[in-house]
Amino acid sequence: MRKYHSNIMHKIITFVSLLWTFVVCDEISLHTSSSPPPLSSPVPVLYYNLDQSEIYFKHFLQQYNKSYDDPKEYQYRYNVFKDNLNKINSQNRENLLNNKNNNDSLSTSAQFGVNKFSDKTPDEVLHSNTGFFLNLSQHYTLCENRIVKGAPDIRLPDYYDWRDTNKVTPIKDQGVCGSCWAFVAIGNIESQYAIRHNKLIDLSEQQLLDCDEVDLGCNGGLMHLAFQELLLMGGVETEADYPYQGSEQMCTLDNRKIAVKLNSCFKYDIRDENKLKELVYTTGPVAIAVDAMDIINYRRGILNQCHIYDLNHAVLLIGWGIENNVPYWIIKNSWGEDWGENGFLRVRRNVNACGLLNEFGASSVIQ
């Protein structure tokens with residue numbers, strides 16, 4: 001019996017050791033590659049030695065060209081940074097254990113690490129870099145309501161990504177402005193234009209910040225209301241004609257420069273992920289809402305563990321796939337190419353990851 005217990009303990013210790021064998025402290029440099037490693041290759045898990053926090057912090061300040069004039073602010077940001085290192089370690093450990101419990105390959109596990117948000121508290125990031133404002137959901141909308149549920153009516157492929165047919169515009173960065181609602185609305189329109197006209201076009205988010213009379217600019221909004229407002233404005237200008245400023249300005253809409261006009265829009269009550277696949281496949285990328293709490297530190301891989309209770313961020317669902325038998329969604333974010341998988345995120349499918357079934361989706365119909 002003693003030998004049996006000894007073997008069990010040996011197996012437990014071996015497994016725990018395996019989890020922390022993937023120690024890559026020198027990857028604090030981050031983003032040194034213009035693209036993530038092959039998604040099918042084993043992904044090392046970062047573990048930050050908290051005793052080295054000050055070294056990591058100085059490296060972080062240098063890499064992201066940050067400084068603080070006030071010594072108290074420096075100390076505060078350093079303490080926040082240390083808290084985030086601890087959070088990152090926990091996220092890496094929890095996702096590995098979740099993969100183990102699901103009998104999933106360790107290579108698919110999400111990897112978290114230091115990024116440009118690492119000197120900010122989660123609340124600061126959610127306040128300044130998201131912008132899905134659910135309180136506006138009771139506002140009247142011109143968009144048609146549709147329920148997304150039931151079995152798909154067509155056979156769907158195991159993998160589909162609108163990027164493969166050049167129907168998704170490059171990643172953008174909303175900056176320190178709660179304008180995700182504008183970016184996802186414009187991203188949807190850009191993809192709809194590419195699907196209809198086989199051409200990518202860069203459209204203006206700033207027009208929505210300045211001229212939308214229902215949404216709240218950098219204080220948040222909703223994507224279907226953005227579609228409605230663009231319908232009433234007569235369309236949207238290009239980014240070149242109405243460039244992004246990252247803050248609300250006076251409306252300077254010029255109807256002579258309208259580049260894309262909308263015919264209508266839809267607000268979707270999403271209740272089934274398989275039916276959602278069909279919607280993305282037949283309609284194009286769909287704007288959805290998620291809880292961004294657990295994606296702040298995301299670097300790559302398929303996210304298993306994800307907070308689902310407070311929808312606060314709008315993103316664009318552009319496809320799906322399966323890696324090592326793990327089904328996932330592909331999401332386009334608006335936090336720049338230096339976040340995540342070159343600006344994109346993958347989350348596990350069929351588990352309501354990040355609360356993507358908790359509210360609604362939206363899409364536009366263009367001329």
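From the backbone N, Cα and C atoms, a Cβ is placed for every residue, glycine too.
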Looking at Asn65, Asn135, which is the one Swiss-Prot tags with N-linked glycosylation site?
Asn135
Of Cys211, Cys218, Cys265, which cysteine does Swiss-Prot list as the disulfide partner of Cys251?
Cys211
Candidate cysteine (Cys143, Cys218, Cys265) that Swiss-Prot pairs with Cys177 in a disulfide:
Cys218
Which whole-number value in Å describes the distance between the Cα atoms of Cys354 (disulfide bond) and His313 (active site)?
10
If you measure from the CA of Asn333 (active site) out to 10 Å, which recorded positions from the list Asn103, Cys180, Cys218, Cys251, Cys306 are inside that radius?
Cys180
Could you round the CA separation between Asn103 (N-linked glycosylation site) and Cys180 (active site) to a whole angstrom and send it over?
35
DSSP output for Cys180 (active site) maps to helix
On the three-state reduction of DSSP, what should I expect for Cys218 (disulfide bond)?
coil
Provide the three-state secondary structure of Cys251 (disulfide bond) computed with DSSP.
coil
